[in-house]
DNA sequence: AATAGTACCAACCGCCCATTG
DNA sequence: TCAATGGGCGGTTGGTACTAT
């Protein structure tokens, strides 16, 4: 007996989200705060998406507390450090970067950091120097002479940083000893919980974000506030 | 200008695990 | 105790933009 699919995929929309869908989802979340059951969200928000898709969209893209833009060098260094300790546990790694998502970090690792480590002669999995066979030596020589995206100076800087990072490891471990390593940054919030200063801050940033987006997006006539939109599709 | 190759990232898939009845 | 369920997670894919030939 196999497991039931997370949702009935028949008739559900897939692929990139439209602005209208984003609006519907945001609108629903702004009006309802926390939602214990993602499965019901698409139905209640009037979306033809599965609950998982809504959750992902919110967490990875719509959350008001998301930090946009490329990773700084110090962030990269910390990712490398954390990866050496935690492996591919991206959500754990992401919990150390408020505003960054596990998906974002995973993508950055796979597209940028992995390459940099390889060019440094480090195994991205073990973080240890790679034993070079004749075959991959030649291949690496070729790619190194061809490669221009990481100049020698930069590679040297990364080496220095990594050494510093290793020096920091001890301090970091001490630090982790005094904090809960499993501390996880949670994206869920509730308007009702705004007595909590942190929640209030989050709510405040949410409002600021809404104002900001409001001014940037041309909220067309299709965007109907939830309170006014009493009739959801059956 | 056209085509091929590469990089990037949003989104999906399927498995795992905690919770619930 | 166990099966069903839903959320979370990591791996992978597919589309798009950019670059090289």
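Glycine is treated like the rest: Cβ placed from N, Cα and C.
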Next on the checklist: Between A:43-69, A:70-96, A:97-123, A:124-150, I'd like to know which one TrEMBL lists as region 'Disordered'.
Outcome noted: A:124-150
Checklist outcome for this item: Summed over the domain 'HTH myb-type' (A:9-62), the DSSP helix, strand and coil counts are 34 helix, 0 strand, 20 coil
Next on the checklist: As a quick check of your reading of DSSP, tell me how many residues in the domain 'HTH myb-type' (A:63-117) are helical, how many are strand and how many are coil.
Outcome noted: 35 helix, 0 strand, 20 coil
